[in-house]
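Only one structure is covered here, and it is reproduced in the block below.
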Amino acid sequence: MTILLDVRDLAVDIPTEDGTVHAVQHVSFSVNEGEFFGVVGESGSGKSVMVQSIMGLVPGARTSGSVLFRDRDLLSLAPEQLRSVRGREISMIFQDPLSSLHPQYTVGWQIVEQIQAHERVSAKAAKARAVDLLDRVRIPDAAARFDAYPHQFSGGMRQRVMIAMGLSLGPALIIADEPTTALDSTVQAQILDLLGEMRSEFGTTVLMISHDLGVLSRVADRVMVMYGGRRMELGAADAVLCGPAHPYTAGLLRSSSFNREPGTPLVPIGGRPPSLLAPPEGCAFRDRCPDAMSICTTKPPVRHYDDGTEVACWLESTPVEPEPPVLPPPSLIATGDDAIVTVDALRLAFPQRRGEPRVVLDDVSLEVRRGETLGLVGESGCGKTTLARAIAGLVAPTAGTVEFDGAPTANLDRAQWRDLRRRVQLVFQDPFGSLNPRRRVGSIIGDPFRIHRLASGAERRAKVQDLMELVGLNPEHYNRFPSQFSGGQRQRIGIARALALNPELVILDEPVSALDVSIQAQVLNLLDELQRRLGLTYLFISHDLAVVRHVCDRIAVMEGGRIVELGTADQVWNDPQQPFTRRLLAAAAPEIPREPRERRLLPPTGSAGAHADRHHAEQLAVEVAS
Amino acid sequence: MTRFILSRIAFGVLVLFLLSVFVFMLFYVSPSDPARIIAGDKATEELMAQIRSNLGLDRPMTEQYATFVGNLLQGDLGYSYRSSMPVSELVVSRIPVTMSLVFGGMVFWLAIGIPIGIASARHPGSARDRFGQGFAIVGISFPTFVLGMLALYLLYFVPTKLGFTLFPPSGYVPFEQSPLEWAWHLLLPWLTLALVVAAVYARLTRGQMLEVLGQDYIRTARAKGVDERRVTYVHAFRSAMPPLVTQLGIDIGLMLGGVIVIEQVFGLLGVGSLAVTAVAMQDRPVVIAIVLLGGVFVVISNLVVDTTYALLDSRVRTAAR
């Protein structure tokens, strides 16, 4: 096995107005020819900056260490030499294919440009190659689509275009930076399959970054886990993901909803990631680590196990399994005969300037039972958000009725409408975009009291601080601005605002999909706890089947404006009736088996630790079992 | 696309109609009396009445407006109160001067402003950027007439006094007569206009380029191995263009209605200087014609901008189809 990319002691510093961000701190790894190498980490772990700085794509970044690729150090290449490597020998695929393709040029033009940037070929020959590539990534009617603009493609098709472009010069290495994160789960699976196929067809090595352990467990041969700009664990994918040796990897797996039995609370990793402006001296994870010891304030050694796993940790035994949080008993048990919302034959169509009206909801009938969590899953554009808005009374249906607590929501007078606004609340997806950045958190959470004229002055302040306490925010942060909070904390702000008026129904529109796994678990547990304590009913919208299965009592599957399947979470998950549901399930990440693993710790040696003499390791042998 | 353009033209005609009503009304309610200005302070009431009746000023306003519009539709803008020349002839004779000034100036201000903006945006915070920013602030804050006077003094007055003539002091030579003389006479006004306006374009270009250079597709272009020059011009500048085109359309449309200060400073008999005298003399037909002309230019340049937008942006093109 030859090494294609050898990263040694890579450090990336980015000067900013706030100080220097130490985005990557002395990370080493190597990618073997032909393998699928995965890098996993949460946002702020430095994974994207790391691969982009390898290609010299981070403006203003200061790098040290070395990145050997085919006997050249990419970090010390002259700009023109590096340019000739980019796109020809190493190509990149980015997260959001819409923003990553130039909106003003046709996709064909963009592929041809890449070919002509490196090879002297005629426009005609380049076009023929581009059409062939589009065909190979299975873009239907490739020759005609050559002249289409990126906005005329669907998300999945755009990512296929990116892949075609990436493959256009037969690169030795493809770096894919979260290539499926912005896509629907069924499309995600197709793109992953396509990447796998292209790897075997073109003999390309793939280095893929993802925050999603489920995605990586499906495709990666080896994985590296990053946290706080450092390498935590590195090894064969099944070794690392099935029997993690680092407490952080173990924590990530425990907080991933796809990986936990429905009904069992997730075990979140408490706290938040360290600042990269002033990285901690010792282990970056020690503040959040259930296994933290006093020695963790000094730099952890890299331990080598006999199965090739390398772990930067002082711990020599299996990471402990912390107790799941204890949740209060539910204060309300949902029953089949107590519906809070009844939707009957709802139809919603938007008139279009030309042509037929666009039907968004088509004959939807549904009941939300008081006290339950009803999941609404489907791909983007299936009408799930519109249905939620119709239930909240924010859009008027074209036909059919929505009843809330026995009363129809159509033709309300002002007082009734206000009352409905109090009883139904919404929490939105994007914790960054849905809070006004210029308003203080206290006044954002206090808005409902102000709008409904329920409390003012000191009374309002006290109520807001109680709410902040309730959702786990520090009430002393009353006067801070949203930008001073992390993503998870901002979502808590949104939840606190929604709970202010003691609503009965809370509509959660993708409440965790913008959050990191460990933060997702915190927010999901919080929602569960609040539901139990306050007797809330949730309508939970998500494209992520794993999350929905984990938190919902019943699941409604939507496709093309209709509800195609509705049943208990177990029924839908274990015995899906509709082909669309089956496809959705097949695309969802599989549970990663947790396997007890026999693994011996090797004695520390000078350099080549992984291949150290195993005979001397016996006294240090450690049994790793979960 | 055709539908889009037709609806724009219809809208433009409506704007011009409203404009004509507005200007007409403005004169009707204004306290000054054109007859008094024409006849002078010592004129008798009789003479004044005679003048009013000659000009049709004694008729009701609606009637006056109807006559005005009726004549306008036949291309007749009436006669100047002051010189008794046909207004259309008077205004049309001034248009080439203003057009020469504006379009020539445009070439210079784009050639100065855009490269400065691009250079600033490529290395934000560098010495080059700070120089560009400084240039923009000086250009924006300097009054046009000061800059014009300064240019006249330094490049005309001082050299001429020292015995060698670099530039002519003022005046306009038609292009058909001698292109060289035409350019020579206009060079100072062009540069003055360009220095003032280029600053705005340098800032706008810098802001747009900074925003575009931070986009994901610029990173993609670099990752593809496209060289930095091409990234800047083919990828980034292409996307930065639409707001520049908008600004250019607004500026050109406004300036073609008369570049008052520069025309005055350099003694160019363009639309702007005509407007100044016409307003001072209460020469109603001329003022109305100039305002309408300005309106026509603004409407036309907006139409050009909208069409260019659709050509520049594939997304607008698809939506307009």
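Quick reminder: no glycine exception, Cβ is built from N, Cα and C everywhere.
Residues annotated as transmembrane segment in TrEMBL: B:9-29, B:95-119, B:131-158, B:182-202, B:254-280, B:286-312. TrEMBL lists B:95-305 with the feature domain 'ABC transmembrane type-1'.
Counted over residue pairs 6 or more apart, the CB atoms of the transmembrane segment (B:286-312) and the transmembrane segment (B:9-29) come under 8 Å in at least three pairs, which marks the two as touching. Of the candidate ranges B:95-119, B:131-158, B:182-202, B:95-119 has the most C-beta pairs within less than 8 angstroms of the transmembrane segment (B:254-280). Ranked by Cβ pairs under 8 Å to the transmembrane segment (B:182-202), the stretches B:9-29, B:95-119, B:131-158 are led by B:95-119. Sequence-remote contacts of a segment are chain residues at least 6 beyond its ends whose Cβ falls under 8 Å from one of its Cβ atoms, and for the transmembrane segment (B:95-119) they are 128-129, 132, 135-136, 172, 174-175, 182-183, 186, 189-191, 193-195, 197-206, 208-209, 232, 237, 244, 248, 251-252, 255-256, 258-259, 262-263, 268-272, 293.
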